[in-house]
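> Here you go, one structure.
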Amino acid sequence: MSTTAFNWRTTHILGPVVNNIYSRSPVNALQVRDDRLLVGFSDSTVRLFDRASGIRMWTLEGHGGPVNCLHSSKTRMVTGSDDKMIKVWDMREGRCLLTLEGHIAPVLCVRLSDRHILSGGRDHTIKVWDKSTGYCLRTLRGHTGRIVDLQLGAGSGSQFYTSSTDGTIKLWDVRSENRIRSYKGHKKAIVSFHHEEATLISAADDGTIKSWDCATGKCSLTLRVGSEREIPQSIRIRNDLLFCGEASGTIRIREASTGTPVRLLEGHASRVAALQVEDFEIWSGSSDSTVRRWSTEDEVRILLERMKTEEFEVVDNSVLSSNTFTGDLTSPGPASPSGGAPSGGAPSSAATSSVAPSAVDAGSSSCRDSGSLAAVTVPSSSMTPLASGLSTTSFSAAGPGSPGGVLAPDGPPGPAVTLSSALQGTTVEPAWAVGEFVVTDLASGDSPILCCALSRDYIVYGTEDGQIVIADRGSPSSRRTKMWTSPIRAIFVAAIGVGSGADDGSVALWSSGSGTAVWSVQHHIGAVNALQTNGKFVASGSQDGSLKVMNAADGILVHSLTDHSGPVTTLHFLATTIVSGAADGSLAIWNATSGEVVKVLSGHKGAVTALEFDDLEVLSASEDGTIRVWDVATGECVRMYSLGEGEARINCLQFDDSKIVHGLANGNLVVRDMETGESVRVLTRHSESVTDLAYDANVIVSASRDASLRMWTFTGAPADSGGLARSDIADKVEARMGEIMARAGPSSGKPGDSLRAGASGTTYSPGTSPGGGGTPSSLAVNSTSKHLELSELAEWSRAECKKRTINRGKNTAINCLHFTGDSLVTGGSDGVAKMWDINTGSRLKTFRGHLGAVNCLRFSGDTLVSGDDLHVRVWSMASNSCVVTLDGHEGPVLSLGFNSEVIVSGSRDHTLKVWDLETGRLLRTLKGHNGRITDLVLRDQMIVSASTDGTLKLWDINTSQRVRSFKGHTQGVNCCSVVSTSIVSGSADASLRVWDLGSGSTISVFDPSGANDVTHCLQADEHKIICGRRDGVLAVRTLIDGSVVRTWDAHTRAINAVQFDETRIVSGSEDKTAKVIEFDDKSGKNKSCVIS
């Protein structure tokens, strides 16, 4: 066996000092090779991470089921999946080269050799494939159980070992179909094994670990583990030590010769499915959806020595900190093109994180080294519409529902904020408020439909007469129907199959493809009201007042949870967390692995009828007539919406960042604004109670007691004529100019003077303060210059212009943009930032590495700064590499700005953070807002921030003190811009306001020009405001009185970002495009250009 210069027995282990990769999907396989970490997940994806930083580089999609195994060389990777297929990938380009089909059951293990690909499956066979052609050369039979693992032998590479649930290990030669030797001794299924030099190590369900002599096949040592939970699910041998990843989530290091435990590493919450041991580190992947890297003091010492010799160019505080890298926490990884191409790209080596030595003694780690030394702690879709052929109609839903009131968590309805039925003032996408839906009748029969679920491939539902129906999403008429003996009240569809819960207390799992039963159990004595899975476990809630947690593989009971005092009515299961609601009005947050209650959420005065849960918030509905929003971290109710007197009970709900969709007992579906609770749309089609709904991007599937199942597919906002013709606009501008000039007084200067706001001369105060007294305007405008400026604005309104469209990519909304000169950078929902030539629309550079949607960005010179789900990243534009990652926010980063010294970021966590640009060090955190930070402006030594709490705030960047607040908007502020000594803001209340920066008073309030005139983004200068609206319209308004002087129907969905200079307006939208509107100069004369 190999030896190294250090000893794992005594060298102190520092938990996961670089990487903690969190995902929403269980980890099945991993491999560390060179500078890459490859991970196979149950969500059917393979993700490639940078080994040092944990930054996700690629997401490979193509498999139709969980990825069970993978193995790579320098240029190739092979993966095997539950879909019975093997895929060969080009590691340089991330594309799928070959798909190998031949196994008749899931593929459980794969290996690459010099000339062959070897695979083992649940079908008890091993297959040998030609590496170049993918042709199956031979099939090896001899095992009587599924093939658990496969490893290459020593020597020429023609020999390999397989282990099986039949309790044996076999040695084969790839050149023949004959096995060379069998290793027998285990009495039950082998669950893991490893080969190193002349020794084989295997662990089995009989509670033993055996060491075998490779040459003779004899067992040289048998070790017994203490309990079933200590059986190694993954095992490695190195340096006379056994590294055992156990079913309990513990990694136990044992002496190979005696089995004596010498170290215990704790941190995973469930089964350690994959393990790799290197010289100075251990990598582990678990069913708890995490990958952890365990490092040693030796490695830290070496890193510090290298830093002293200046081998690292970039030094920040991330090597010795326990950074958290989110695999797909807020947004799944970028969708790959067809054919399995990657959805990301590899960052250069400059993305590797480095460390400041002082970080060693700070903070704490959630992972423990229970060894002999004291622990050292370190800081911590595009929807595919259903096929035609079914009953389909175009349907324009009814308008807003009945009003209600927004309540404080513990008080009566607040007088200042009510749920008005008007559309204005909401942040829901315009399509959901005014657009059309196509309604498809998926099912219609005699029996009420009680539950439904939706996945990428299937639509499933359960009925009162006991039917379980599994339909192919691409062809809903193709369906499998199973019958049960009692009503089906709960159902899910996931990678593991279709789960059903029935009135008789039974839970069953079915194959989604064939409809055959996998298992059925009856752990409850009352009806099953709720059922969900995380892929590893299945959780059920029952009328008997209990929750049951079962193994997804076989239905065996793991936990029985009985803390609720009444029937469990609803639940949601995400990662290792279960949230349940009960008839007693309480909600409970549970750790699914330990079965312990983490938090109890109290406040509802009636039974909880529906809930939904993401990583940050729980939404719950109750018979008490309220919807509550709870903060997961604190367990506190942060918002509460009254449904209005007499409004029907909510039976089911779903939500995303902008809206809540819920089904009512009166048969209606209601769409509400997430921030305000505003009812913005009522969909009326069902004649009886809506019992369940499933929501996926632009599709809602609803089930009802009227025996119907309907799919509502959003088709887009209705066509808009775009308002006035160009000549009418020009006439309107001329008329408005006359009114303004009449109020402004006589001209006192010479024509041609171009004095800006704040120059000497007659001043004009367009508005008064809310208090009633006149407030001198900070927008002092010389009356002589006014004519010239408004004339130029009129030319903008009259002139022809050229439009160019930049299509960013399939399924990729543009969240943010910034341009300077001829370079435009856009950030998208796919987690990628892209640089474009603004003149040609051609893509110049791609910046990959974000773990979630890119929500905001700015660039200057060679520096690009961008924000995603939790982090701020600083990029070198010359090298396309991330040079610093700023980690500190507890929610998505939504806004930012930077100058030559600092970066300022604003987040959904209600805070702003100020960072040192050069080092990435956090300088200060600004607290004061009670809502997410939607926008900010960094100007010299001041920061202006806008928030969903309805206010703007001015901060002193040096003292961290809040200088003043700007209050007046009745709903959240979406955007802001600073012009000289004024602030312009746009709000969800549909108004624009101009504020005096010095006093905080309101100068002007501009009311909306229409019901959907809600500004999502804006930029202003001394005489105009360019607004990007939620209805996809770009509007030019005067800063003096807010008059709309020109509009363009630029986009089909909400505009998320807008920027202009003297010759161009650039906008980015949810419709996945950027539009460039270009003039020759500020006079608005047409510039000839080619539309790409």
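A Cβ is built for glycine as well, from the same backbone N, Cα and C atoms used for every other residue.
Since the structure is predicted, the reported quantities are computational estimates derived from the model, not experimental observations.
As listed in TrEMBL for this protein:
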COMPBIAS  330-360  compositional bias 'Low complexity'
DOMAIN    929-967  domain 'TEP-1 C-terminal beta-propeller'
REGION    325-367  region 'Disordered'
REGION    742-784  region 'Disordered'
REPEAT    60-99  repeat 'WD'
REPEAT    100-139  repeat 'WD'
REPEAT    140-182  repeat 'WD'
REPEAT    183-222  repeat 'WD'
REPEAT    265-304  repeat 'WD'
REPEAT    561-600  repeat 'WD'
REPEAT    683-712  repeat 'WD'
REPEAT    807-846  repeat 'WD'
REPEAT    847-885  repeat 'WD'
REPEAT    886-925  repeat 'WD'
REPEAT    926-965  repeat 'WD'
REPEAT    966-1005  repeat 'WD'
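Each of these features: where is it, how hidden is it, and who are its neighbours?
Averaged across the domain 'TEP-1 C-terminal beta-propeller' (929-967), pLDDT in this predicted model comes to 91.
Packing against the repeat 'WD' (60-99) from elsewhere in the chain are residues 26, 28-31, 33-34, 36, 38, 40-48, 105-112, 117, 119, 121, 129, 131, 134, 335-336, 339-345, 457, 495-496, 535: each is 6 or more residues past its ends and has a CB under 8 Å from a CB in it.
Residues 65, 68-73, 76-88, 145-152, 157-158, 160, 162, 164, 172, 174, 177 of the same chain, all 6+ positions outside the repeat 'WD' (100-139), place their C-beta atoms under 8 angstroms from a C-beta of that stretch.
Below 8 angstroms of C-beta separation, residues 105, 108-111, 113-114, 116, 118-128, 188-195, 197-198, 200, 202, 204, 206, 212, 214, 217 of the same chain, each at least six residues beyond the ends of the repeat 'WD' (140-182), sit close to that stretch.
Counting residues per DSSP class in helix, strand and coil order gives 0 helix, 25 strand, 15 coil for the repeat 'WD' (183-222).
Broken down with DSSP, the repeat 'WD' (561-600) shows 0 helix, 23 strand, 17 coil.
Remote same-chain partners of the repeat 'WD' (886-925), defined as residues 6 or more beyond its termini with a Cβ less than 8 Å from a stretch Cβ, comprise 315-318, 321, 323-324, 330, 616, 633, 852-853, 855-858, 860, 863, 865-874, 931-938, 943, 945-947, 955, 957, 960.
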> When you scan the chain for residues with a C-beta under 8 Å from the repeat 'WD' (683-712), skipping those not six or more beyond its ends, what do you find?
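Sequence-distant neighbours of the repeat 'WD' (683-712): 381-383, 385-386, 395, 397-398, 437-454, 459, 461, 463, 651-654, 656, 661-671.
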> Going along the chain, which residues at least six beyond the ends of the repeat 'WD' (183-222) come within the CB cut-off of under 8 Å?
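The answer is 1-2, 145, 148-149, 151-154, 161, 163-171, 228, 231-238, 242, 244-245, 256-257, 259.
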